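> Sharing a structure here in structure tokens format.
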Amino acid sequence: MTYLRWTLLLTLLGCVLALTGWQTFSPPVRAYDAVPVERGDIESGITAPGTLQPRHYMDVVAQTAGQLLRLHVEVGDSVREGQLLAEIDPAAQQAAVDASRVQVESLGALREEQLAQRDLARQQYERQRTLARSGAARQEDVQTTHAELRVAEARLKSTDVQIRQAQASLRSEEAALAHTRLHAPMDGTVIAVGQTLDVQKRTPLIRIAQLTSMTVHAQVPEADIHRVKPGMPAWFSTLGGGGRRWPARVRQILPVPPRPLEQLGPDAGEPAAQEAGQGRGVLYSVLLDVDNEDQALMAEMTAQVFFVASRVRGALTAPLAALQGSTDRPDVHRVQVLRQDGEPAPREVRTGIRDQRRVEVLEGLAEGERLLVNSAHRQEQ
């Protein structure tokens, strides 16, 4: 019995050692990080940052100097065309209007006096002419009265000119008085309100915009600007848009980079004038219009714009990470396709357009086949 026990014990121990050794020295099972080939829409194009601004806006500028008395609107208020927005102290302008009116009235009274003097001089001249024909008056008296008539007529003409000048000054002063009341030039929303009146610099006091239509000012690098064309389709998203895409089209490409007007002097195109811009890329402004009826877009929002150069719907696509090498043809690449037994097999595929993550597959793959994404992800288990 003792012999039998030892035999059974040794047999069990051998089985345990054999099982442990097989697990220890058996070949590892390899697993690959693979993704399927699938269909989807793919777009190729250019990305650029941008800023949203109202397409239609007008600035309300004070044309009369003075102290701001009352401001009747705030940022965000909706206004109608002709609505009173602000009032400037009219005291100085009212005094100027009163003075101009007094001047016009004074000149009018002077004209009445000179008109009477001219009529009297004309009567005296006609009387002397009549007397001279009958020999009752000297020719010298006729000439004297004629000269007095011409002087009276000249004074009357001079006064008429002064009256017209005074009336023009009065109209100018009345216009300045009217400008102390600032009205809305159009329907819209107040998007900016200033606090300083500067007539010489024409600093806007209030800006009114129509927010139902916005313009994206995209900044495209000079290396890509030749690929952007007017009418080109595009879309953009905003930081707070929750992934929403707004469709748009290119309206205009500005021919010069944005810069202060004073820098655009006569020597702006000379090599010496361009040295300051060397060493950094030039950005060109591209304008895109978009409807904003729901007013989800606001002024000064940051946008990420995608200009669609080409688009394919329902294309067979593969991830860019699956392309492991190129051939002598730029549109042919090598990939690793997982066979039914789980082992990878090399294959060449012809590709089309691509976006930031996927590439269009034109030849060499079928929908559902799995591609090795990155050989560095292979694990030994």
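Each residue's number is its place along the chain shown, starting with 1.
Keep in mind that glycine also has a Cβ here, set from the backbone N, Cα and C atoms.
Nobody curates TrEMBL annotations by hand; they come from automatic prediction.
Sharing the record's features from TrEMBL:
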DOMAIN    58-203  domain 'Multidrug resistance protein MdtA-like barrel-sandwich hybrid'
DOMAIN    315-376  domain 'Multidrug resistance protein MdtA-like C-terminal permuted SH3'
> By DSSP, how many residues in the domain 'Multidrug resistance protein MdtA-like C-terminal permuted SH3' (315-376) are helix, how many strand, and how many coil?
5 helix, 34 strand, 23 coil
> For the domain 'Multidrug resistance protein MdtA-like barrel-sandwich hybrid' (58-203), give the DSSP counts of helix residues, strand residues and coil residues.
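For that range the per-state counts are 83 helix, 24 strand, 39 coil.
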